[in-house]
Amino acid sequence: MCLFRKCTDVICCLVFFIVIFLYLALGVIAWLHGDPKKLIHPTNSYGQFCGQKGTHNFNKPILFYFNILKCTNPAILINLQCPTTQVLLFRSVPNRPELPPSNCFYCGILQYVAYPVCLCSFVSFIYCKCPIKHFLIGLLMSLAVSLVFIILLRFTAGLLLWITIASVVLLLAYGIWFCFTEFSLLKEKPGSDVSIVEVGFHTDLQVYLQLRQTWILMLVCLGVAEASITLMLISLRRRIQVAIALLREASKAISHITSTLFYPLITFLMLTICLLYWAVTAVYPSVLTTNYIEQTHTAPECLAFFNRSDISKYELCQGSQCLFAFYGGETSYHRYVFWFQLSNLLLFFWLVNFSLALEQCSLAGAFASYYWSSKKPCDIPSCPLFLSFFRAIRYHTGSLAFGALIVSVVQLIKIVLQYMDQKLRVISLNTDFGFLHAGLNNSLSRFIARCLKCCFWCLEKLICYMNHNAYIMMAIYGKSFCTSAREAFFLLMRNVVRVFVLDRVTDFLLFLGKLLVSGGIGVLGLFLSRHIPYVQEVPDLNFHWVPLLTVVAISYLIAHAFFSVYATCVDTLFLCDELERNDGSPEKPFIMSPELHRILGKSSRVH
């Protein structure tokens, strides 16, 4: 491990700090030209604020999205507008004496509803009765299970990992049995033989759960996953033994540097700050102080667009109907607000990737100090994680920023391609069938855009993997980013077999651990619903899958944060590369423990 270091990639470091200063200036500009009400009140598709005092929408504080799944498209990061209609709703539906006694009416809000909807059903559709405490219970349980799993991994690594493997296999088997049971129950239910294609798209997954075809597809998917994992376990049984031994050695390192388990909390705090600053900076200029109105009259003396403050000048345009067109203005700021948003997104990606790179470099430096200690734990320096973090900030800020910038540019290109694909899809839907040539050109453009998206997705994964190893080499040997990346690449190429045995198989075992934690929390979450009738004091929900999938997803992220520490430790132990530097002779003795030497030597002989 390098003890005498110097600053690396100084130019990148200077550029990084200059960009941060400009980012702060961009935030100030956004605050000066934006509208703070956007942060407090949501707005509908007509630019009207929800629940704002002094307006006719004061009693309508709820914003309802027609298709909330459209808001998950990454392209909304560019224009900051969910591509679905939004309307304002009342907290309590007012009395409507004109309704028939059944309190049913044709719902004018849901575009895809073509049948009478009861008022009570509609209200229950809007409001979710799932208390927030259920989410907190699930997240706290996932946190506790992850910590207990890691503590047990220190003392019973082999037994625990084999139990994890068996638990994942049994969990998938339970899923197969559950799908088969639901399918059998639906055989006698009329109307359950309708295909998914005939039903079409619905945001309410309960519609699909009433179809036999849904459970057949889930049964096949779980069966394929079960068979694949079983075959992998059979074929990798010898390599799994080596990977378990390496995880046992990594557990020893983490037990001596316990603070590494809590470093993901610092990363989470940094990512939260980046996210909040990006969101505030992005939202503030997206709602400007001027509304532009579109009129539908075709008289020549009437303008198509005019400022709301100048409406009195056009009172002669009788019969014109004013509709909200857009927020904005004609100044230089308004014309370049799109590029401000794009720059804001790039800088957000850059800071996020820098935070992740800093975590990887800090953890790798701490584990390297454990590895290169000849007498463990006596020679391990005090506060190794803090010292590693200080070294990364003092000497390698420029290198970390350089690697983060490369990933950020690729991610931004992916978002732009997603945005282009979305626009091309809209153009394709609006293309007149008479213009066949234009339609073919648009289809070709969409095909090229999707191919580019796939290529850049692969490129992003490759760059992230190489950057991860470069950060570890940087933390160990103190060299620049390009030098560290090159040495890491050639080291991996010289040890392809050991990379597969130690890295990929270990990641597979840790992935099974993540599945066990998140899947176990998901099964326990079912007890909070009516699917497993053991808990009766649970409110009725129209969307059982929303809280359940939310808890499962966040549980997986929590487990991933803790298990990523193990993954970094394993990669660091491998990239320390003592087998190529020392031969065990008195002149070049091994510093690694005999157990780790046996693991690394055995892994090179496993085929």
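Every residue gets a Cβ built from N, Cα and C, even glycine.
Copied over from TrEMBL:
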TRANSMEM  12-32  transmembrane segment
TRANSMEM  109-128  transmembrane segment
TRANSMEM  135-153  transmembrane segment
TRANSMEM  159-180  transmembrane segment
TRANSMEM  215-236  transmembrane segment
TRANSMEM  261-280  transmembrane segment
TRANSMEM  345-372  transmembrane segment
TRANSMEM  392-417  transmembrane segment
TRANSMEM  508-528  transmembrane segment
TRANSMEM  548-576  transmembrane segment
Next item on the list: Considering only the recorded stretches 159-180, 215-236, 508-528, 548-576, state which has the highest number of Cβ pairs under 8 Å to the transmembrane segment (345-372).
Entry: 548-576
Margin query: Applying the under-8 angstroms CB criterion, which one of 135-153, 159-180, 548-576 scores highest with the transmembrane segment (508-528)?
Written below: 548-576
Notebook entry, point to check: Can you name the far-off residues of the same chain, 6+ from the ends of the transmembrane segment (215-236), with a Cβ under 8 Å from a Cβ of it?
Noted result: 165, 168-169, 172-173, 175-176, 179-180, 182-183, 186, 196, 209, 505, 508, 512
Notebook entry, point to check: Taking 12-32, 135-153, 159-180, 548-576 as candidates, which has the most Cβ pairs under 8 Å with the transmembrane segment (392-417)?
Noted result: 12-32
Check: Short question: which residues 6 or more past the ends of the transmembrane segment (159-180) have a Cβ under 8 Å from it?
Finding: 149, 152-153, 215-216, 218-219, 222-223, 225-226, 229-230, 233, 240, 244, 247, 509, 512-513, 515-516, 519-520, 523
